[in-house]
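A.B. asks: Per TrEMBL, the features are:
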| type | residues | note |
| --- | --- | --- |
| TRANSMEM | A:12-31 | transmembrane segment |
| TRANSMEM | A:37-61 | transmembrane segment |
| TRANSMEM | A:94-114 | transmembrane segment |
| TRANSMEM | A:121-139 | transmembrane segment |
| TRANSMEM | A:170-192 | transmembrane segment |
| TRANSMEM | A:213-236 | transmembrane segment |
| TRANSMEM | A:267-287 | transmembrane segment |
Amino acid sequence: MADSALSRAVRWDTVVGALLVVLLLFSFSFVDGFGNALNLSFLIGNTLPIALIALPMTLLVVAGEIDLSVASTAGLSGSVMGALWNQGMAIETIIPLCLVLGVVCGLVNGLLVTRLGLPSLAVTIGTLAAYRGIAQIVLGSDAVTDFPVQYQDFAAGRIGDTFVPRAFPLFLVLLAVAVVVLHATPFGRSAFAIGANEEAARFAGIRVKRQKLLLFVATGFMASLTGVFWALHYASARYDNATGLELSVVAAVLLGGIDFDGGKGTLGGAIAGVFLLGALQNVMSLLNVSAQSQIVVTGVLLVVSVLGPRVGRQISVARAGRRAAAPTPVP
Amino acid sequence: MTHPSDAGPAPVLALKDISKSFGAVRALRDVSLELFPGEVHALAGENGAGKSTLIKTLAGVHRPDAGQVLLDGAPTVFHGPADARDAGIAVIYQEPTLFPDLSIAENIFMGRQPRRALGRIDHKATRAATAALMKRLGVELDPERPARGLSIADQQIVEIAKALSFDARVLIMDEPTAALTGSEVARLFGVVRTLREQGSAVLFISHRLEEIFQICGRVTTLRDGALISSEPLEGMTEDDLVRRMVGRDLDELYPKQDVEAGEVALSVRRLTREGVFTDVSFEVRRGEIVGLAGLVGAGRTEVARSVFGVDRWDAGEVEVEGRRLTNGAPSTAMAAGLALVPEDRRAQGLVMDMSIERNIGLTGLRATVRAGLMDRGAERSRSLDWAVRLQVKYARIADTVSTLSGGNQQKVVLAKWLATGPKVLIVDEPTRGIDVGTKAEVHRLLSQLAADGVAVLMISSDLPEILGMADRVLVMHEGRLTAEIPRSEATEESVMAAATGRAAA
């Protein structure tokens, strides 16, 4: 049973990775305009916000929690960035302030969940609305577009003549950090234990609340970083930036095989899920699928990604059940 | 005890030469069993002997590969649990699953409530029928009471009432007493005797041998899937029964070594958690095994949880080897050398979906680290080392603990904590629900630990275990320590007197 549980998890990661490869091969061959450098850079650039938030979200979901306020945090961070820029503050001061704001947003979520014992789903649906509301109060319906060119270039430009966005290496560094933290540190091991059985984790001396708080803070931080990136990338800070992004992030992470109930999954799978979703959205745009229909596809993917591994598990549990029912012989 | 004679009534339910295999594993080999009306029949055997498979065959969950199920002498095939239920066979599990928000009456008649006109549920008739069932069992439970908050003992009574409402003639009770207190067991046995007198056949499974002798008339013993014997209990001794179950003479069940007590290792002073326990003070010395006895709900587990830091205390202090522990911080308690093997191994002791290796590794996350990263080699060798030392029976160390038997799971929990090299070890119900062979192993281990200078605090509801293993016995009653009894004076009577509050505090 252990064996099949392990190989099943591996298989799901592999399935998502394979789907990504198949989609890319298909698109290179049959979708007009997919393979050129400009489109590829669009694909990656548009997917980066999802990917950036997916990093901490993966850890958070593994630990059995979720943060739906990330898109609002990103929007708030962009709004504050625009408002302060309008006030004439230096961008070098603004960006750190926005990141601190993200930490505060994460802290609020984390404290509500860990100190008051509220379910994170409910808490972050609340802050989803609250943070977005504050963003609108801060910036109104303005759009701030005149950020310094060199910053916009970093967020939107490409490395030389290649299709690789200039911000991509930064993402790779953050990805490496997240992979190591989740899969190679005591912190990551604890996250899996907390997600699989919080009570047992507590009895093993793991500081569950502290760890969850840290994860919410990290998520808030990455959400605000994404908000800054978004405003620069699209050269527009508006209160409604990144609206609905949480849906894509959660869909991608679950699609990548992270168990919604916590305790299972790999970052590799999550990132494969992110780029599968990103590539799919890109291809749909090239094929002139409307934005509304794309949201429908994302929603369906979300349901399928929750359902898929579960159906697989039911099958393997049913199989294993027949074997496990046999008592092991006493030597 | 009644002993149906061969000339007496025919068996209501019988298995004849039943075999059942799962893949290559032969769970049952030519097993026969006869259950007579008006008898309480014990089913004995170690974990993995085939008891569960046999029960599931009787309950219609498994279909035998060979052999016959005879109902009132006629060959029968159960196509599923519903068939068995309709034939009057009911299984009462150790931990019943009731709908917590429904009343007792609604639980009993779920899905088949008496109806009034227009299909409306006749609550009055449901209530009355439930009250009648309770009266028949001789138990006072309000049919209106919601199932939420009922003790496990009461929940079992509800399950039994439900079985009777189906006109069950055969009741299979799978370790019903594992989570019950002494008085609850007595009440359950009262119910079982009532059922016996009313002509039901009861198949009774328990790891507690004294209970088998107390309530049962005959015993069928299984070992490695084979029938060893089916005989009257009269004239048998516990040793006889153990020999049949284990297939050899068991080393002593309570191998307590005499150890000179050393320095105070754990000191608990005036510890209070409001509404749970009050003013609890005691010490445990190196080399000592101190038993903590009391009825379930007396606050023993809660004291252990607070000492370890899983719950906060409101007043008092705890020292481990002279180090004051921080309130509500298991990590500092661990750093000071305290370990707690919790009462519920599935919910608190283990992450069931994680491997044996990683479960043991969870207490060593700080120890098996190199440059901030997990040292997987070190983690594996630490886990392997302890799994082998405790003789955990597993196929691969990377298998999830859910694949192990209960006894082996408990050994993994012990391994997980012994790997921390504790100076003070608190074990809460260390042998609950594990077979007699493993139980003896756990006792030997605890005794050896004490001999090596570990201070052991053992919470147990198993009185013979407390009397057999403890140097001193602390007794709690309603949140207070009511007695401290040295080994020489500890008897069932003296401990129970203090546990029920009859002794002077």
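Quick reminder: no glycine exception, Cβ is built from N, Cα and C everywhere.
Keep in mind that what you see is a predicted model, and the values were worked out from it rather than measured.
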A.B. asks: Any contact between the transmembrane segment (A:267-287) and the transmembrane segment (A:94-114)? By contact I mean 3+ C-beta pairs closer than 8 Å, pairs at least 6 apart along the chain.
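C.D. replies: No, the stretches stay apart by this measure.
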A.B. asks: If contact means at least 3 Cβ pairs within less than 8 Å, sequence distance 6 or more, would you call the transmembrane segment (A:94-114) and the transmembrane segment (A:170-192) in contact?
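C.D. replies: Touching, no - the transmembrane segment (A:94-114) and the transmembrane segment (A:170-192) miss the threshold of 3 or more Cβ pairs under 8 Å.
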A.B. asks: Counting only residues 6+ away from its ends, which parts of the chain sit with a Cβ under 8 Å from the transmembrane segment (A:213-236)?
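C.D. replies: Those are 45, 48-49, 52-53, 55-57, 59-60, 63, 65, 67, 69-71, 73-78, 81-82, 95, 98-99, 101-107, 109-111, 113-114, 120, 143-145, 147, 151-152, 154-156, 167, 174, 191, 242, 245, in sequence order.
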A.B. asks: Mind checking which residues reach the transmembrane segment (A:12-31)? Cβ under 8 Å, same chain, six or more beyond either end.
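C.D. replies: Same-chain contacts beyond the flanks: 255-257, 266, 268-269, 272-273, 275-276, 279-280, 282-283, 286-287, 308-309, 312.
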